[in-house]
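Reviewing the structure listed below.
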Amino acid sequence: MSQFSFTKMHGLGNSYIYVNMFEEQIPEEDLALVAEKVSNINTGIGADGMILICPSDVAPVKMRMFNNDGSEGKSCGNGLRCVAKYAYEHKLVEDTVFTIETLAGIVTAEVTVEEGKVTLAKIDMGAPRLTRAEIPMLGEGETPFIRENFLYNNHRYAFTAVSMGNPHAVIFVDDVEQAPLTTLGPVLETHEMFPERVNVEFIEILNEEEMNFRVWERGSGVTQACGTGACAAVVASILNGKMERGKEITVHLAGGDLMIAWIEEGNVLMKGPAEVICHGVYEYKIEA
């Protein structure tokens, strides 16, 4: 029987099991199965996945993120805010501004601290990737995919594809509560046009500075929030002429609000909370 200490944290209800790999050890070959086991709501701790906080050669810390089906993702906006909180409060970093390595590249985090506790984290998510090759999706590699039609159940849905280090398909609807989240979501996620699958967001524009947001996450299904998805939604809204670049946009997710801005210099900034739920020790056994 093996075990490791963990901290369960959430960003707007998007919860992960966080493991400090400066102190703990999980064999590389076991990571996918351990993520699946620990995320199980009935037989594990229950979460949207597992995130490892690891040493890095190029930044103070590195984030590795696993979905609850065991697949490894390249980035996670809510996860990055929680990693920033954990790293500062556990003295893995000293400054309130620092970098975090991800499989999608290096991002910059800035934490707001009150009485030694991080109350807010802002992440510079970098520039969005907009070509088919970067997302990735099938088709002519250097072309963008903006407001293209997809036929489902005799209804045409127009979506825009954006990568924030992971792929997103953003669909504008009149009412997110009536959106086909659990039906169209998995169909698009696994469609052959996306070789690495895709996260699917349904967006309802409220005004020039606010939107409602619901998400079907690749490898996890319906979640309360998706930070990279919120960034992609704002980028897609600007590309479609629905919002103005440079303004801070309030994104109302099922789990709460994020503040997102696609600044003129090119990068996308995300600001929001990160919360600790509990600490514990998880025991597991990998069958031979």
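Any Cβ shown, glycine's included, is placed from N, Cα and C.
Here Swiss-Prot flags Cys76 as active site, proton donor. Non-local contacts of Cys76 (active site, proton donor) by the CB criterion (under 8 A, 6+ apart in sequence, same chain) comprise Tyr16, Gly49, Ile51, Met63, Met65, Asn166, Gly227, Thr228.
The active site, proton acceptor feature in Swiss-Prot is assigned to Cys226; the stated evidence is sequence analysis. Note on Cys226 (active site, proton acceptor): other Cβ atoms within 10 Å of its Cβ, all shown chains, come to 35.
Here Swiss-Prot flags Asn14, Asn67, Gly77, Asn78, Asn166, Asn199, Glu217, Arg218, Gly227, Thr228 as substrate binding site. Glu217 (substrate binding site) counts 28 other C-beta atoms within 10 Å of its own C-beta, drawing on all protein chains shown.
Around Asn14 (substrate binding site), a 10 Å sphere centred on its CB holds 29 further CB atoms from the protein chains shown. If you take the Cα of Asn14 (substrate binding site) and the Cα of Cys226 (active site, proton acceptor), they are about 7 angstrom apart, rounded to a whole number. The Cβ of Gly77 (substrate binding site) lies under 8 Å from the Cβ of Gly11, Ile123, Met125, Met164, Cys226, Gly227, Thr228, Gly229, Ala230, Cys231, Leu258, Met270, each of these being in the same chain and 6 or more residues away along the sequence. Excluding Asn14, Asn67, Gly77, Asn78, Asn166, Asn199, Glu217, Arg218, Gly227, Thr228 themselves, the residues of that chain whose CB lies within 8 A of the CB mean position for the substrate site are, in sequence, Gly73, Ser75, Cys76, Gly79, Val215, Ser220, Thr223, Cys226, Gly229.
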